[in-house]
Structures are given as C-alpha cells and as structure tokens.
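Colleague: Following this message is one structure expressed as structure tokens.
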Amino acid sequence: MQVLCWLLCLGLSEALAVLPKEQVARHAAKLYRSKTPAHGHSWVTNNCKRLVGLLRQKNVAVNKLAVAAVAAGRDQSLSEPEKHFQVHTLEVFQKELNESEHLVFQAVHGLQRVLQGDYRDVVNMKESSRQRLEALREAAIKEEQEYMELVAAEKHQQEALKSALAQNKTLSILEEILEDVRKAADRLEEEIEEHAFDNNKQMKGVNVEAVLRVEEDEEKGGKKKNKSTQEEVEDGLGLSMLIDSQNNQYVLTKPRDSTMPRADHHFIKDLVSVVMLSLPCGWVCSLMGLPPMFGYIMCGVLLGPSGLNSIKSIVQVETLGELGVFFTLFVVGLEFSPERLRKVWKTSVQGSCYLSLLMVAAGLLWGQLLHIRPNQTVFVSTCLSLSSTPLVSRFLAGGSRVDREGELDYSSVLLGMLVMQDVQLGLFIAVMPTLIQAQNGDLDSVLFGGLRVLKLLAQVLVSLAAVLLLCLALRSFLIGPFYKKLHAESKGNKEILVLGMAAFVFFMLTVTELLDVSMELGCFLAGALLSSQGHMVTAEVMGCIEPIRDFLAIIFFASIGLHVFPTFVLYELTILVVLTLTLVVMKFVMAVLVLSAILPPSSRHIRWIVSAGLAQVSEFSFVLGSRARRAGIISREVYLLVLSVTTLSLLLAPLLWRVTTHRWVPRAERKALT
C-alpha cells in the first residue's frame, strides 16, 4: 500500500505539468486502477473520486460567483454601499476557493520533493523545510489579507444597513450631528492609514517571519473575564510583546490607530526599577569609599540578563543612556574653554594618534605570535586603544583646577586626547565596511583597500574642517545673540533656557552626524562654544543642565551593567584578570612613553595623571564589538573576551585614578576630585 501511494503521488505531480487541474484526480484514479489489485485497497480510489468531484464543484461555484458578481454590479435597485458589499463578498469567496485548490496541489508537490530526497542528506532536508516554511508564511499573509477583506466587507454591510435605516427613519438633530461626526472619523482613518504592511512586504530584503504575541495579562499569568482575545488586542491601551524565532523581543513603536494614546509600560517599569535600585547601590558604594558609578553598574548587573532578568526594554534603556553620554560631553565642553583647547590641540592630536599606532602595532605583534588574522587583530587593538570619555569626565567633575601661566594642566591634556579619540572612533566606524569586505574576500587587492582607506580618511578630514568652520561662524555671529535672547525670555522661567540649550546640543549633534563625524564631538563642541561667552554664561547653563546630566548618566552606567555577565567572568576569572591587568599596564606604560616624548619639560609631571585616565577601555567597544561580531570579523569568544575585559578595566579605572592622583595632585584639588 505504501509503494502504491508513492507511485500515486509521483503520478499526480507529473500530471500537474501537462494536465489541467480538474483532470489530475481523474489521472490519479486511472493510474491507481492500472497498478492496484481489484480486491481491497479502495481508500485511494474513493478519495481520488472525491477529489475529482470537489474540483468540478469548485469550478461550477467559481463560475456562478462570477456571474452573481456581474449581476450585483448591474442591479439598479441596490445602493452603492450594498453593491460594493455584495461584490466584495463574492470576490472574497472566489479567492478562498482558488486558494484552497492551490494548497492541495502545493501539498502534493511537497510530498514529491520529500519522496525524491535522500533522508541521509541533511542539506536537502533543510532546504525542503525552508521551502515549507516560506509556503506557510505566504499562506499566513494571504489568510491575513482575506481576514482583513472580510472585516472590510462586514464594515460595508453595516454601512449598507445604516443607509437603509436612514432612508426609512427621520433623524433627530443630535443623530444628524453624530452621523456627520462618524463620516468625518471614517475620512480621518482613511487619511492616516499608511498601509505599511502592504507597501513593505514586497521590498527587497523584507522577510516574513512567524512571531509569538504575548499580551500583558498573559505575561503576568492573569486573564481578563468576559472579554475575547481580539477585544483585548484592539481595546487594550497596553502594549503586547512580539517574540521571533531568534528570541528577539519587540514592542509597538507606531500603532495603526494614531488617534488613541498608548504608553510603553515595559519601558516605564524598567526605568522605575533602574532608578529605585540605583539609589541604594550608589549609596552603599559611597559609604564604602568607592565611586557611586560602581553602584550604578552593579544595579544594571542585578536587573540585567545575568541577574533578575527584569529589564524588558533593554534597547530603550540603552538609548536613554546615550543621552547621558551626550549631556556629559556637553558639560565637559562647558568646562573646556577655547583658550584651553588652543593650548593643547597639538599635544592631543599627536598623543592620541601615537597611542593608537602603538596599540595597533602591539596587536599585530601578538597576532603574529598567536597566528591570528591581521584584520581581527587590527580591529581588537583599535577598540582597546579607545578610552571612556564619560568615565574620565566623572573623575574630573568638581575639580578646581588652576591654569598656571606657560604650563599645561592635566585635565586639558586628558580631555583633549579623549576628544581626539572620539574623532578616531568616527573614522574607525567609517572604515569598518572595508574591514568587512577584507574579511569576506570582496576586495580585489591590498592596494585597492589601502586607497579606499585613504579616501575615507580624506573625507573625515574634510568633514572636520567643515565642522571647525561652522563653529567659527557660530561663535562670531550666532552664539552671543542666541544666548542673550534665551536669557531675556527665561527670566523667572528656566524652561526656555533648558530647552534652548538642549536644542543647541542636538543641533550640533545632528550636524556632526550628517558630516560623518562622531556625534559625541558635536556635543563637546556645543559646550565649548557656549563656554566662550564667559564664566557667568557657563555657570548659569551648568546650573540648568547638570541635574539632567546626572540623571541620564546614572541610566548610562546602569546600561553598562546590563552587558556584564558574572557567570562568564567566574568561569574564566583567571584569564580575564590576567588580560585586564596586562592591558591596563600596557596602556599606562605606552601613554607615559608617548607623553614623555611630546610634553614640554616643565609639564612632564602630569604624564602620570593623564596616563592613569587613559588606562581603561571605552564603553563604545560594546557597540563596535557587536557590529564586528555580526559582520564576522571576530568570533563569539573574542567578542565575550572584549566585553569582559572592557568591563573589568572600567571597574579598575577608579582605583588606578585614585592611587595616581594621591601621589601627583595637590591636597586641596585632590579633595575636590574625590
């Protein structure tokens, strides 16, 4: 019987190519009768006869539906809504019949592929499974479209019934007003309807995937009484969560009905949890004599995936934390006057470039000894050469530094080198596509890749020149009048001043992003431009922005803790501690050597403090590492090592900073720093 079924399926599939669909079942029955004994085994014959009958009935029904649709369209006794409803309903039923027939023969094709395949060939089985999955996704889309068409048909039916009732009933003034409002609401829905699903599903690179939809009450384990699931989806003001096959979780960003207000309660709860837990964690660290940022990072560890796993909107929390980076650099720029910038720009450019080159050279040397690919070693060493600007800014916050005539202060040199590293970060992000092509072997030659890197470098230099020219123009013509206007309008009301400062920060951020330069550099330049207006302006702006900066900085440090995995650190504690200490010592020694060579003799004593500030890894290595892992430049193991070493270096940085400043910073200024 099994052999006969196989032969029947093969005969059916071969008949699809040469026979009309209504003759396929008849062909299968004939094939069966020619190969099957007369006694018993009547199941296949009966089902083939049923298939022939169903296909005939389907063709007759489709023809009748087509005739009925034409007749309904020509019926003069029906109103336009009634005509539209009847024709629409008949067309939907026709599509349902055709789609059902298509699914029957699609199943036969799938069975033929399985029978012709080799069960030992995993690749072939995987391809068959992928094709079935694609077919199911397409069927789900078609079924969704048919359902929406039926909903539209039901709506037209209701419109027709209302029109019929309106003709036989005299409406009151209130009912007429409500009818006009209803029509206006229908027009509004048609105007704001974007049809994003239909417009995007045929675009290149768009994939259809199956997702799980988790409602808020189901997520809590509760149920709503006397309310269907569909009503919960349509009427609930909460947000459901979608989970795809890769375990990525999504929340709603733009609802179909824009007239109803909605709130992302997951994000609100996550933000409340972070703020409430950051207080005791930061408090405990302060009582222990540690920087409060330790407590904020530990808060992220406790709430993140490696702890309680209570943070649902990780991406949203990290995005809010990025605003903390922007305002931190803006405050750094307020404390960093153009005069100090002119004093240290040459030292900053030379120091940051030499330090990056030394790190890359050391990485290539270790790569040769350990037989690691050059592009991977260049990427890792470049990531590790960057230092954290927000962390160092917190170190320097509150310090009463005095510039001596003819001397450099350590804060100016340190911040200048960090700003130049942010510029290098923008350049490295621009060069990353070339590294990806080199990894995939898409570049024709090393010479072509080198020329492309030089081209990108020239573009970045041109963009930097454009940014500097814009800053000169803003300082000469716009900053003064702009601040005076804000100051005049904000007397007794600080909202205008805060809004104006935030708008200026975001304006500079947008300009630098459009010019393919680091957004962090734009925030720093915004603060530096405002600091050129004098101490009174700086003090007033600082008083308004610092509370916002502090709150967002807490979110930023907590978001760093979300990427700390204590279990992985404990598993590989020895190797991680060795790698972190080696990296910190190496960066410290390299920075000391570079600064000893470029600093004037009278300022060489500050090389120890600046080197201590640079002896850690920037949090942006998280972003660069994730991009490189997705592109295949580094493996999963290397990515986790970079992640863990970066986190441990950030945790060790305050200790090294405290030890160094205790030796080289005067006592009065040391109290302000700690």
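Glycine too: its Cβ is placed from the backbone N, Cα and C atoms.
All TrEMBL annotations are machine predictions without curation.
Note that the structure is predicted; figures quoted are calculated from it, not measured.
Pulled the feature table from TrEMBL, pasting it below:
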type: COILED; residues: 126-198; note: coiled coil
type: DOMAIN; residues: 276-657; note: domain 'Cation/H+ exchanger transmembrane'
type: SIGNAL; residues: 1-17; note: signal peptide
type: TRANSMEM; residues: 267-286; note: transmembrane segment
type: TRANSMEM; residues: 323-341; note: transmembrane segment
type: TRANSMEM; residues: 353-372; note: transmembrane segment
type: TRANSMEM; residues: 456-475; note: transmembrane segment
type: TRANSMEM; residues: 496-515; note: transmembrane segment
type: TRANSMEM; residues: 551-571; note: transmembrane segment
type: TRANSMEM; residues: 578-599; note: transmembrane segment
type: TRANSMEM; residues: 605-626; note: transmembrane segment
type: TRANSMEM; residues: 638-657; note: transmembrane segment
Colleague: With contact taken as 3 or more Cβ pairs under 8 angstroms (pairs 6 or more apart in sequence), are the transmembrane segment (638-657) and the transmembrane segment (578-599) in contact?
Modeller: yes
Colleague: For the transmembrane segment (267-286), give me same-chain residues lying six or more residues beyond its boundaries with a C-beta closer than 8 angstroms to one of its C-beta atoms, as numbers and ranges.
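Modeller: Here the qualifying positions are 251, 292-296, 298-300, 302-303, 310-313, 316-317, 320, 554-555, 558.
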Colleague: Averaging the per-residue pLDDT over the coiled coil (126-198), what integer do you get?
Modeller: 70
